Amino acid sequence: MGTSARWALWLLLALCWAPRDSGATASGKKAKCDSSQFQCTNGRCITLLWKCDGDEDCADGSDEKNCVKKTCAESDFVCKNGQCVPNRWQCDGDPDCEDGSDESPEQCHMRTCRINEISCGARSTQCIPVSWRCDGENDCDNGEDEENCGNITCSADEFTCSSGRCVSRNFVCNGQDDCDDGSDELDCAPPTCGAHEFQCSTSSCIPLSWVCDDDADCSDQSDESLEQCGRQPVIHTKCPTSEIQCGSGECIHKKWRCDGDPDCKDGSDEVNCPSRTCRPDQFECEDGSCIHGSRQCNGIRDCVDGSDEVNCKNVNQCLGPGKFKCRSGECIDMSKVCDQEQDCRDWSDEPLKECHINECLVNNGGCSHICKDLVIGYECDCAAGFELIDRKTCGDIDECQNPGICSQICINLKGGYKCECSRGYQMDLATGVCKAVGKEPSLIFTNRRDIRKIGLERKEYIQLVEQLRNTVALDADIAAQKLFWADLSQKAIFSASIDDKVGRHFKMIDNVYNPAAIAVDWVYKTIYWTDAASKTISVATLDGAKRKFLFNSDLREPASIAVDPLSGFVYWSDWGEPAKIEKAGMNGFDRRPLVTEDIQWPNGITLDLVKSRLYWLDSKLHMLSSVDLNGQDRRIVLKSLEFLAHPLALTIFEDRVYWIDGENEAVYGANKFTGSELATLVNNLNDAQDIIVYHELVQPSGKNWCEDDMENGGCEYLCLPAPQINDHSPKYTCSCPNGYNLEENGRECQSTSTPVTYSETKDINTTDILRTSGLVPGGINVTTAVSEVSVPPKGTSAAWAILPLLLLVMAAVGGYLMWRNWQHKNMKSMNFDNPVYLKTTEEDLSIDIGRHSASVGHTYPAISVVSTDDDLA
């Protein structure tokens, strides 16, 4: 082809690719804005919402002309430029006025710190809570709050480690490094046990009565060894047909056998396994596990070790300002565009009428904010805090949609955002974290034979309750300063005062077969617990006087439990088949699943009431995740085989999440939004099972509606909070013990023909106890003094005398039911188990708020309870 013909073809192609429409024409015409936009005098288009909002968004200020002048409210601070910001934003270390006048030194140096606050120095405008002084963290921007603090002095019953840390004297010479520097185990004499004690191989001492009782109390199990007892320990646990029993006694799902991931405590599920190979459609991770091949190089870490995302090639190589993608698909360097050389097959890199033309000179290219001229064409861009909504117009970015952008409260502003803290918290300007005001928060956790506490600031590490048997679950009533825990060996729930130096504790609830977790309702003063043996969830008053099953069906392996009495909901995890997390009203109504997918072994759950989220640990997936309280907006916080080897329980406070790992025998902490800032708080634990944060802000105060108008809400037995679904939801309902139903008045209880008792099949004799209410709720052993009552059987003559009267009553009731059915045969209705929910003609869900009595809260029908004694026998 000749040179002239080649150039003719080049011109023809260039004309074909030339743009046929442009927002800004060469003649200088202004582009017309859409109906949802405002056109500035200079021709630019901005969103209509920005008209007369106090900010000049048009470069010529025309969007703020002819606007009604706004006046600031009394609760606002007036900036020098006339802008209004809330008074609480003044002198908070964050400029909110566009001119920065809310943070001017003249204004802020005049500021006086409030009661319980201290100044960060004469040259600082910052005030911090008194409790933050000498807490080990720099809260003042100049660090003055951590100066001249002196050495920490340990109390008389504490030991001072070489590092200056305080630990309980009981931890000295116990064979464990509790100081983390080994100083508590220096110069220790050989340990000796008392005459009535047995010395474990680890040198610790246990009562002689605990030896050879088929319950390993020594951490090395030497009290149940073959050499000591002459036999192997008898394992009483019977696993369901869908599970297998580990050598260490616990049950796991059959499908977890030989899957490459040890799930038994002793690893026996991975012994004598054939060599594992992945299927052809699977990818083998470096740790040997298999994932579906489609998950490799998908941008998500599906392998725990992340090996599925290693050496992945970027499919789209045409990213960045230095690249140009041809319309025919090739990717070339931007330097080759408009160089009069064909680099794209279709010549799209050499458009004749677009090369080196600055479209931004006319009407800013139609861009509302920034116009960037390119070698070919142009592109619109936005200032920080804004994003393109239609390729030309900029709109505000809602930064509050990003998890963790604020510690607690996020307020979206035009072009930015503002972080605030909930009541009881204050912003730490050094970190941006909302820190609790008041006493030092601490972690309290079980350690099998004792309960321990570690401060989260000064790291003081002490023993709260000692000489326990097998503590597996823990919670607290913080306002009452009481601890509650469940002991697996003693099959009971106990309580103790957290400040009781004598170490006394009391049995509150007996006959708890296999407690998995407990949760204290600090508002209505009840306690909820899951029982892995009876497959039930129960509730009782804190003194144990009244109790009942809340759920005793559709539970396979109930595990962790958490309550939110402010909204009336209870949450629990179940690792049976299928594994799930559920929620329901704390009165037993409105039960529904929360998490049902991508979940296998949900061991621990906890609630973040400040951010309205639920966090859980999956011991099989080695993952920490969260959802909102409706089961939406699921996020993976951390996935780690190292730090989540076998996590058991977790708790949350401020911006940190803390958990116990059974395999590593340690307590860890991490950022609750990102999983970063991993830290080890405690090591060398002995079968730790549960953990809580102890601080008054963990349990926010709420109104006990059961004590609003009359005692116990007028209920004969239990008064339980109802789920607050909407503004018309009842505040509470009455509930009866097992074997009883509510009468029509919604307050009193009547007996059914099949009463339920809490008798145990082994080593426990139960007694029916007559309560002052006249109810017999089953064999409940409590610490309060009660009288044993025997009820003689009624004579047969009395039964024959009542029989004719009973037949007449049944005939009358039958006739009434037939008449009512005839009367309502044409009425269109929908019947539910809970009759307060009715179907309306508008297809909306409405709630009937009728009361049975003026003295009682709204009522639900009675819950039918079925005995589980046969299942437990």
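If you go along the chain as it appears here, the first residue is 1 and each next one adds 1.
Just so it is clear, glycine is given a Cβ too, placed from its N, Cα and C backbone atoms.
Bear in mind that the values here come from a model prediction, so they are computed numbers and not experimental data.
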Region 'Clustered O-linked oligosaccharides' per Swiss-Prot sits at which of 271-310, 751-790?
751-790
Name the cysteine that pairs with Cys149 in a disulphide bond per Swiss-Prot, restricting the answer to Cys134, Cys140, Cys154, Cys161.
Cys134
Have a look at Swiss-Prot and say which candidate in Cys367, Cys394 forms the disulphide with Cys380.
Cys367
Which of Cys45, Cys52, Cys84 is the other half of the disulfide bond that Swiss-Prot records for Cys67?
Cys52
The disulfide recorded in Swiss-Prot for Cys97 goes to which of Cys72, Cys79, Cys120, Cys127?
Cys79
What residues elsewhere in the chain lie close to the repeat 'LDL-receptor class B 6' (655-697), defined as a C-beta under 8 angstroms and at least 6 residues from its ends?
176-178, 180, 219, 265, 403-404, 407, 424-425, 433-434, 436, 438-439, 441-449, 452-454, 456, 461, 471-476, 478-479, 485, 498, 517, 604, 606, 608, 615, 617, 624, 626, 637-640, 643-649
Can you work out the mean pLDDT of the predicted model over the topological domain 'Extracellular' (28-797)?
86
Is the number of Cβ-Cβ pairs under 8 Å between the repeat 'LDL-receptor class B 1' (439-480) and the repeat 'LDL-receptor class B 4' (568-611) three or more, considering only pairs separated by 6 or more positions?
no
Residues sitting near the repeat 'LDL-receptor class B 4' (568-611): Cβ under 8 Å, six or more positions beyond its termini, same chain?
242, 253, 263, 408, 422, 517, 519, 521, 524, 528, 530, 537, 539, 550-551, 555-562, 617-621, 626-627, 629-631, 634, 647-652, 657, 659-660, 672, 700, 720-725, 729, 732-733, 735, 834, 860, 863
Taking helix as H, G and I and strand as E and B in DSSP, count the residues of the domain 'LDL-receptor class A 7' (276-314) in helix, strand and coil.
6 helix, 6 strand, 27 coil
